[in-house]
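See structure below.
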(Lines of atoms letter the chains of each structure in order from A and count residues from 1; the text may use other names and numbers.)
(Lines give C-alpha, C1' and ligand atoms only; values in the text may rest on other atoms or scores of the structure.)
Protein backbone atom coordinates (compact mmCIF):
# COMPACT_ATOMS: atom_id res chain seq x y z
CA UNK A 1 0.00 0.00 0.00
CA UNK A 2 1.36 3.45 -0.83
CA UNK A 3 2.05 5.95 1.93
CA UNK A 4 -0.63 8.34 0.66
CA UNK A 5 -3.40 5.71 0.51
CA UNK A 6 -2.49 4.32 3.94
CA UNK A 7 -2.43 7.81 5.47
CA UNK A 8 -5.83 8.71 4.01
CA UNK A 9 -7.46 5.46 5.18
CA UNK A 10 -6.08 5.95 8.71
CA UNK A 11 -7.15 9.63 8.71
CA UNK A 12 -10.75 8.82 7.78
CA UNK A 13 -10.92 5.82 10.14
CA UNK A 14 -9.49 7.86 13.01
CA UNK A 15 -11.96 10.68 12.35
CA UNK A 16 -14.87 8.31 12.86
CA UNK A 17 -13.17 6.72 15.87
CA UNK A 18 -12.84 10.17 17.47
CA UNK A 19 -16.42 11.09 16.55
CA UNK A 20 -17.92 7.91 18.00
CA UNK A 21 -15.61 8.05 20.98
CA UNK A 22 -16.68 11.52 22.03
CA UNK A 23 -20.38 10.86 21.41
CA UNK A 24 -20.42 7.73 23.54
CA UNK A 25 -17.85 8.61 26.16
CA UNK A 26 -15.57 5.73 25.24
CA UNK A 27 -12.08 6.64 24.06
CA UNK A 28 -11.13 6.53 20.37
CA UNK A 29 -8.35 4.02 21.14
CA UNK A 30 -10.76 1.11 21.29
CA UNK A 31 -11.52 1.58 17.58
CA UNK A 32 -8.05 2.69 16.43
CA UNK A 33 -6.19 -0.43 17.55
CA UNK A 34 -8.50 -2.94 15.80
CA UNK A 35 -8.57 -0.71 12.67
CA UNK A 36 -4.78 -0.66 12.45
CA UNK A 37 -4.11 -4.28 13.42
CA UNK A 38 -7.01 -6.21 11.88
CA UNK A 39 -7.91 -3.79 9.11
CA UNK A 40 -4.48 -2.69 7.90
CA UNK A 41 -2.14 -5.39 9.18
CA UNK A 42 -0.10 -3.00 11.31
CA UNK A 43 1.97 -4.62 14.07
CA UNK A 44 0.19 -4.25 17.42
CA UNK A 45 3.18 -2.45 18.97
CA UNK A 46 2.99 0.38 16.41
CA UNK A 47 -0.80 0.45 16.82
CA UNK A 48 -0.52 0.83 20.59
CA UNK A 49 2.01 3.66 20.19
CA UNK A 50 -0.19 5.59 17.76
CA UNK A 51 -3.35 5.03 19.80
CA UNK A 52 -1.73 6.23 23.01
CA UNK A 53 -0.71 9.51 21.38
CA UNK A 54 -4.26 10.08 20.14
CA UNK A 55 -5.57 9.40 23.65
CA UNK A 56 -3.40 12.22 25.02
CA UNK A 57 -4.64 14.63 22.36
CA UNK A 58 -8.36 14.02 22.96
CA UNK A 59 -8.02 13.88 26.72
CA UNK A 60 -6.14 17.18 26.94
CA UNK A 61 -8.48 18.83 24.42
CA UNK A 62 -11.70 17.93 26.21
CA UNK A 63 -10.28 18.25 29.73
CA UNK A 64 -9.45 21.89 28.95
CA UNK A 65 -13.16 22.72 28.64
CA UNK A 66 -14.35 20.75 31.69
CA UNK A 67 -11.65 22.14 33.97
CA UNK A 68 -12.67 25.69 33.11
CA UNK A 69 -16.31 24.99 33.94
CA UNK A 70 -15.24 23.78 37.38
CA UNK A 71 -16.80 20.31 37.07
CA UNK A 72 -13.51 18.41 37.27
CA UNK A 73 -12.33 17.63 40.81
CA UNK A 74 -8.62 18.41 40.47
CA UNK A 75 -7.74 17.05 43.92
CA UNK A 76 -9.32 13.66 43.27
CA UNK A 77 -7.60 13.62 39.88
CA UNK A 78 -4.21 14.55 41.27
CA UNK A 79 -4.40 12.08 44.17
CA UNK A 80 -5.51 9.15 42.01
CA UNK A 81 -2.86 9.94 39.41
CA UNK A 82 -0.32 8.54 41.87
CA UNK A 83 -2.02 5.18 41.30
CA UNK A 84 -2.60 5.47 37.54
CA UNK A 85 0.91 6.66 36.64
CA UNK A 86 2.51 3.92 38.79
CA UNK A 87 0.22 1.41 37.09
CA UNK A 88 1.00 2.81 33.62
CA UNK A 89 4.70 2.40 34.26
CA UNK A 90 4.20 -1.24 35.37
CA UNK A 91 1.95 -1.88 32.35
CA UNK A 92 4.44 -0.43 29.87
CA UNK A 93 7.15 -2.66 31.37
CA UNK A 94 4.87 -5.73 31.27
CA UNK A 95 4.12 -5.17 27.58
CA UNK A 96 7.71 -6.16 26.83
CA UNK A 97 7.30 -9.51 28.54
CA UNK A 98 3.84 -10.39 27.28
CA UNK A 99 3.47 -11.78 23.74
CA UNK A 100 1.37 -9.93 21.14
CA UNK A 101 -1.40 -12.62 20.93
CA UNK A 102 -1.94 -12.45 24.70
CA UNK A 103 -2.12 -8.64 24.54
CA UNK A 104 -4.74 -8.99 21.78
CA UNK A 105 -6.88 -11.28 23.93
CA UNK A 106 -6.66 -8.99 26.99
CA UNK A 107 -7.56 -6.09 24.71
CA UNK A 108 -10.66 -7.95 23.50
CA UNK A 109 -11.83 -8.64 27.04
CA UNK A 110 -11.37 -4.99 28.08
CA UNK A 111 -13.26 -3.89 24.93
CA UNK A 112 -16.28 -6.02 25.83
CA UNK A 113 -16.17 -4.66 29.36
CA UNK A 114 -16.09 -1.07 28.03
CA UNK A 115 -19.07 -1.79 25.79
CA UNK A 116 -21.11 -3.13 28.73
CA UNK A 117 -20.09 -0.14 30.85
CA UNK A 118 -21.27 2.34 28.20
CA UNK A 119 -24.77 0.83 28.29
CA UNK A 120 -25.13 0.73 32.06
CA UNK A 121 -27.70 2.87 33.82
CA UNK A 122 -26.25 5.65 35.93
CA UNK A 123 -26.96 6.05 39.61
CA UNK A 124 -27.68 9.74 40.16
CA UNK A 125 -27.96 9.94 43.94
CA UNK A 126 -25.33 12.14 45.54
CA UNK A 127 -23.52 10.96 48.65
CA UNK A 128 -23.68 13.47 51.51
CA UNK A 129 -21.60 11.72 54.15
CA UNK A 130 -17.84 12.05 54.19
CA UNK A 131 -15.35 9.32 54.95
CA UNK A 132 -12.32 9.94 57.16
CA UNK A 133 -9.79 9.67 54.34
CA UNK A 134 -11.83 11.77 51.95
CA UNK A 135 -11.86 14.53 54.56
CA UNK A 136 -8.17 14.22 55.27
CA UNK A 137 -7.31 14.40 51.56
CA UNK A 138 -9.87 17.17 50.89
CA UNK A 139 -11.51 15.10 48.15
CA UNK A 140 -15.09 16.15 48.83
CA UNK A 141 -16.25 18.83 46.48
CA UNK A 142 -19.04 20.53 44.58
CA UNK A 143 -19.99 21.13 40.99
CA UNK A 144 -22.29 23.54 39.16
CA UNK A 145 -25.40 22.18 37.42
CA UNK A 146 -26.92 23.48 34.18
CA UNK A 147 -29.39 25.68 36.16
CA UNK A 148 -26.57 27.38 38.04
CA UNK A 149 -27.09 25.46 41.29
CA UNK A 150 -24.09 24.11 43.19
CA UNK A 151 -24.24 20.45 44.25
CA UNK A 152 -22.03 19.36 47.15
CA UNK A 153 -20.89 15.75 47.35
CA UNK A 154 -18.97 13.40 49.63
CA UNK A 155 -16.62 10.56 48.74
CA UNK A 156 -16.23 7.09 50.27
CA UNK A 157 -13.85 4.12 50.03
CA UNK A 158 -10.76 6.05 48.94
CA UNK A 159 -8.52 2.97 49.36
CA UNK A 160 -10.67 0.78 47.11
CA UNK A 161 -10.74 3.46 44.44
CA UNK A 162 -6.98 3.81 44.62
CA UNK A 163 -6.41 0.07 44.05
CA UNK A 164 -8.84 0.05 41.09
CA UNK A 165 -6.97 3.04 39.61
CA UNK A 166 -3.69 1.14 39.89
CA UNK A 167 -5.29 -1.62 37.80
CA UNK A 168 -6.67 0.92 35.29
CA UNK A 169 -3.16 2.34 34.95
CA UNK A 170 -1.62 -1.09 34.28
CA UNK A 171 -4.20 -1.79 31.54
CA UNK A 172 -3.61 1.66 30.04
CA UNK A 173 0.16 1.14 29.90
CA UNK A 174 -0.19 -2.39 28.57
CA UNK A 175 -2.74 -1.70 25.83
CA UNK A 176 -2.20 1.91 24.87
CA UNK A 177 -5.75 2.99 25.67
CA UNK A 178 -7.06 5.55 28.14
CA UNK A 179 -8.96 2.83 30.05
CA UNK A 180 -11.53 5.48 30.84
CA UNK A 181 -14.21 2.87 31.56
CA UNK A 182 -12.09 1.38 34.35
CA UNK A 183 -11.36 4.83 35.78
CA UNK A 184 -15.05 5.64 35.83
CA UNK A 185 -15.76 2.34 37.67
CA UNK A 186 -13.22 3.27 40.31
CA UNK A 187 -14.70 6.72 40.91
CA UNK A 188 -18.38 6.04 40.14
CA UNK A 189 -19.08 2.67 41.71
CA UNK A 190 -16.39 2.38 44.35
CA UNK A 191 -15.88 5.96 45.56
CA UNK A 192 -19.37 7.18 44.64
CA UNK A 193 -18.14 10.32 42.87
CA UNK A 194 -21.16 11.86 41.04
CA UNK A 195 -21.33 10.75 37.40
CA UNK A 196 -20.71 14.18 35.87
CA UNK A 197 -17.63 14.67 38.04
CA UNK A 198 -16.25 11.16 37.56
CA UNK A 199 -16.40 11.24 33.75
CA UNK A 200 -14.76 14.65 33.48
CA UNK A 201 -12.15 13.87 36.13
CA UNK A 202 -11.39 10.57 34.39
CA UNK A 203 -10.86 12.53 31.17
CA UNK A 204 -8.55 14.92 32.99
CA UNK A 205 -6.48 12.02 34.36
CA UNK A 206 -6.22 10.01 31.15
CA UNK A 207 -3.74 12.45 29.59
CA UNK A 208 -1.30 12.10 32.48
CA UNK A 209 -1.62 8.31 32.67
CA UNK A 210 -1.08 8.01 28.92
CA UNK A 211 1.89 10.41 29.02
CA UNK A 212 3.58 8.20 31.63
CA UNK A 213 3.47 5.18 29.34
CA UNK A 214 4.05 7.22 26.17
CA UNK A 215 7.52 8.29 27.34
CA UNK A 216 8.43 4.61 27.73
CA UNK A 217 7.00 3.69 24.31
CA UNK A 218 8.71 6.66 22.67
CA UNK A 219 12.10 5.46 23.85
CA UNK A 220 11.40 1.93 22.64
CA UNK A 221 10.52 3.11 19.14
CA UNK A 222 6.81 2.12 19.30
CA UNK A 223 5.67 5.57 18.21
CA UNK A 224 6.10 5.81 14.46
CA UNK A 225 5.51 9.42 13.34
CA UNK A 226 4.17 8.42 9.91
CA UNK A 227 1.42 6.33 11.56
CA UNK A 228 0.79 8.59 14.55
CA UNK A 229 0.32 11.70 12.35
CA UNK A 230 -2.99 10.71 10.64
CA UNK A 231 -4.22 9.05 13.84
CA UNK A 232 -3.86 12.11 16.11
CA UNK A 233 -5.14 14.59 13.55
CA UNK A 234 -8.10 12.36 12.62
CA UNK A 235 -9.12 11.52 16.17
CA UNK A 236 -8.89 15.12 17.35
CA UNK A 237 -10.98 16.47 14.45
CA UNK A 238 -13.52 13.69 15.04
CA UNK A 239 -13.72 14.45 18.75
CA UNK A 240 -14.22 18.18 18.01
CA UNK A 241 -17.10 17.37 15.65
CA UNK A 242 -18.54 14.99 18.24
CA UNK A 243 -18.52 17.57 21.01
CA UNK A 244 -20.34 20.06 18.72
CA UNK A 245 -23.03 17.48 17.93
CA UNK A 246 -23.35 16.53 21.59
CA UNK A 247 -24.17 20.10 22.61
CA UNK A 248 -27.07 20.16 20.17
CA UNK A 249 -28.66 16.82 20.98
CA UNK A 250 -29.49 14.70 23.96
CA UNK A 251 -30.41 11.44 22.30
CA UNK A 252 -27.17 9.52 22.25
CA UNK A 253 -28.96 6.41 23.57
CA UNK A 254 -29.21 4.57 20.25
CA UNK A 255 -25.66 5.63 19.40
CA UNK A 256 -24.38 3.94 22.52
CA UNK A 257 -26.02 0.71 21.36
CA UNK A 258 -24.52 1.01 17.87
CA UNK A 259 -21.10 1.66 19.35
CA UNK A 260 -21.40 -1.16 21.88
CA UNK A 261 -22.24 -3.60 19.07
CA UNK A 262 -19.31 -2.39 16.89
CA UNK A 263 -16.93 -2.64 19.82
CA UNK A 264 -18.12 -6.14 20.72
CA UNK A 265 -17.61 -7.35 17.13
CA UNK A 266 -14.10 -5.84 17.11
CA UNK A 267 -13.42 -7.45 20.50
CA UNK A 268 -14.47 -10.85 19.19
CA UNK A 269 -12.13 -10.48 16.22
CA UNK A 270 -9.22 -9.42 18.41
CA UNK A 271 -9.76 -12.40 20.72
CA UNK A 272 -10.14 -14.80 17.75
CA UNK A 273 -7.01 -13.47 16.02
CA UNK A 274 -5.09 -13.61 19.28
CA UNK A 275 -6.11 -17.19 20.03
CA UNK A 276 -5.45 -18.40 16.48
CA UNK A 277 -2.05 -16.69 16.46
CA UNK A 278 -2.82 -14.28 13.60
CA UNK A 279 -1.62 -11.21 15.48
CA UNK B 1 -6.89 28.40 51.44
CA UNK B 2 -9.76 30.82 51.98
CA UNK B 3 -7.46 33.70 52.92
CA UNK B 4 -5.45 33.76 49.73
CA UNK B 5 -6.43 35.69 46.66
CA UNK B 6 -5.43 32.85 44.39
CA UNK B 7 -8.24 30.28 44.30
CA UNK B 8 -9.05 26.95 42.71
CA UNK B 9 -11.03 28.78 40.03
CA UNK B 10 -7.92 30.74 38.96
CA UNK B 11 -5.96 27.53 38.80
CA UNK B 12 -8.71 25.92 36.72
CA UNK B 13 -8.57 28.78 34.24
CA UNK B 14 -4.78 28.57 33.91
CA UNK B 15 -4.71 24.79 33.57
CA UNK B 16 -7.50 24.88 31.00
CA UNK B 17 -5.43 27.34 29.00
CA UNK B 18 -2.22 25.25 29.27
CA UNK B 19 -4.03 22.15 27.97
CA UNK B 20 -5.67 24.00 25.09
CA UNK B 21 -2.47 25.77 24.01
CA UNK B 22 -0.43 22.55 24.25
CA UNK B 23 -2.81 20.62 22.02
CA UNK B 24 -3.08 23.45 19.50
CA UNK B 25 0.67 24.02 19.14
CA UNK B 26 1.58 20.34 18.93
CA UNK B 27 -1.15 19.64 16.35
CA UNK B 28 0.12 22.52 14.22
CA UNK B 29 3.66 21.10 14.31
CA UNK B 30 2.40 17.56 13.51
CA UNK B 31 0.38 18.94 10.60
CA UNK B 32 3.33 20.86 9.12
CA UNK B 33 5.56 17.79 9.45
CA UNK B 34 2.83 15.64 7.90
CA UNK B 35 2.52 17.88 4.84
CA UNK B 36 6.31 17.78 4.29
CA UNK B 37 6.44 14.01 4.79
CA UNK B 38 3.58 13.34 2.37
CA UNK B 39 4.96 15.72 -0.26
CA UNK B 40 8.15 13.63 -0.38
CA UNK B 41 7.09 10.06 0.27
CA UNK B 42 3.44 9.80 -0.78
CA UNK B 43 3.98 7.25 -3.57
CA UNK B 44 6.41 5.01 -1.72
CA UNK B 45 5.26 1.65 -0.45
CA UNK B 46 5.27 0.91 3.21
CA UNK B 47 4.64 -2.12 5.44
CA UNK B 48 4.16 -2.07 9.19
CA UNK B 49 3.48 -5.77 9.65
CA UNK B 50 6.86 -6.51 11.17
CA UNK B 51 7.91 -4.55 14.25
CA UNK B 52 11.31 -3.01 13.58
CA UNK B 53 11.19 0.06 15.80
CA UNK B 54 11.57 3.52 14.28
CA UNK B 55 14.57 4.92 12.37
CA UNK B 56 17.22 6.74 14.40
CA UNK B 57 16.37 10.24 13.16
CA UNK B 58 12.96 10.02 14.86
CA UNK B 59 14.08 7.97 17.85
CA UNK B 60 16.79 9.89 19.70
CA UNK B 61 16.56 13.53 20.72
CA UNK B 62 19.76 14.54 18.85
CA UNK B 63 18.45 12.61 15.82
CA UNK B 64 15.12 14.45 15.90
CA UNK B 65 16.93 17.77 16.32
CA UNK B 66 19.14 17.20 13.28
CA UNK B 67 16.17 15.87 11.36
CA UNK B 68 14.28 19.11 11.99
CA UNK B 69 17.28 21.18 10.82
CA UNK B 70 17.36 19.09 7.65
CA UNK B 71 13.64 19.76 7.20
CA UNK B 72 12.65 16.07 7.43
CA UNK B 73 8.90 15.68 7.82
CA UNK B 74 8.89 12.72 10.20
CA UNK B 75 11.34 14.43 12.57
CA UNK B 76 9.02 17.46 12.70
CA UNK B 77 5.99 15.21 13.36
CA UNK B 78 7.88 13.48 16.16
CA UNK B 79 8.75 16.85 17.70
CA UNK B 80 5.04 17.71 17.66
CA UNK B 81 4.23 14.39 19.32
CA UNK B 82 6.80 15.05 22.03
CA UNK B 83 5.16 18.45 22.64
CA UNK B 84 1.81 16.67 22.89
CA UNK B 85 3.15 14.18 25.45
CA UNK B 86 4.71 17.09 27.35
CA UNK B 87 1.35 18.91 27.65
CA UNK B 88 -0.10 16.81 30.53
CA UNK B 89 3.32 16.87 32.23
CA UNK B 90 3.33 20.65 31.96
CA UNK B 91 -0.17 20.62 33.43
CA UNK B 92 1.20 18.77 36.50
CA UNK B 93 3.96 21.36 36.96
CA UNK B 94 1.40 24.20 36.80
CA UNK B 95 -0.80 22.37 39.36
CA UNK B 96 2.19 22.09 41.71
CA UNK B 97 2.79 25.84 41.45
CA UNK B 98 -0.92 26.52 41.95
CA UNK B 99 -1.15 24.38 45.11
CA UNK B 100 2.02 26.08 46.35
CA UNK B 101 0.41 29.52 46.00
CA UNK B 102 -2.70 28.19 47.78
CA UNK B 103 -0.37 26.92 50.54
CA UNK B 104 -1.92 23.46 50.19
CA UNK B 105 1.30 21.60 50.94
CA UNK B 106 -0.30 18.16 51.10
CA UNK B 107 -1.22 18.57 47.43
CA UNK B 108 2.12 20.08 46.51
CA UNK B 109 3.59 16.80 47.80
CA UNK B 110 1.08 14.63 45.93
CA UNK B 111 1.67 16.56 42.71
CA UNK B 112 5.45 16.28 43.00
CA UNK B 113 5.11 12.53 43.64
CA UNK B 114 3.19 12.11 40.36
CA UNK B 115 5.87 14.14 38.59
CA UNK B 116 8.57 11.93 40.13
CA UNK B 117 6.84 8.76 38.85
CA UNK B 118 6.72 10.20 35.31
CA UNK B 119 10.38 11.23 35.47
CA UNK B 120 11.31 7.73 36.61
CA UNK B 121 9.36 6.40 33.59
CA UNK B 122 11.57 8.59 31.39
CA UNK B 123 14.76 7.36 33.03
CA UNK B 124 13.90 3.66 33.10
CA UNK B 125 12.28 3.51 29.66
CA UNK B 126 15.55 2.78 27.90
CA UNK B 127 16.51 -0.19 30.01
CA UNK B 128 12.89 -1.28 30.61
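Here the Cβ of each residue, glycine as well, is placed from N, Cα and C on the backbone.
What you see is a predicted model, and the numbers here were worked out from it, not measured in a lab.
According to TrEMBL, the features are:
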| type | residues | note |
| --- | --- | --- |
| TRANSMEM | A:31-57 | transmembrane segment |
| TRANSMEM | A:78-96 | transmembrane segment |
| TRANSMEM | A:102-119 | transmembrane segment |
| TRANSMEM | A:162-182 | transmembrane segment |
| TRANSMEM | A:202-219 | transmembrane segment |
| TRANSMEM | A:226-247 | transmembrane segment |
| TRANSMEM | A:253-275 | transmembrane segment |
Maximum Cβ pairs under 8 Å to the transmembrane segment (A:78-96) - stretch from the list A:102-119, A:162-182, A:202-219, A:226-247, A:253-275: A:162-182
Stretch with greatest number of CB pairs under 8 Å, the transmembrane segment (A:253-275) reference, A:31-57, A:102-119, A:202-219, A:226-247 candidates: A:102-119
For the transmembrane segment (A:202-219), sequence-distant contacts whose Cβ falls under 8 Å of one of its Cβ atoms, 6 or more beyond its ends: 27, 48-49, 52-53, 55-56, 59-60, 62-63, 66-67, 72, 74, 77, 80-81, 84-85, 87-89, 91-93, 168-169, 172-173, 176, 178-180, 183-184, 187
Chain residues in Cβ proximity to the transmembrane segment (A:226-247) (below 8 Å; excluding those fewer than six residues from its ends, i.e. six or more beyond): 3, 7-8, 10-23, 28, 32, 36, 42, 46-47, 49-51, 53-54, 57-58, 61-62, 65
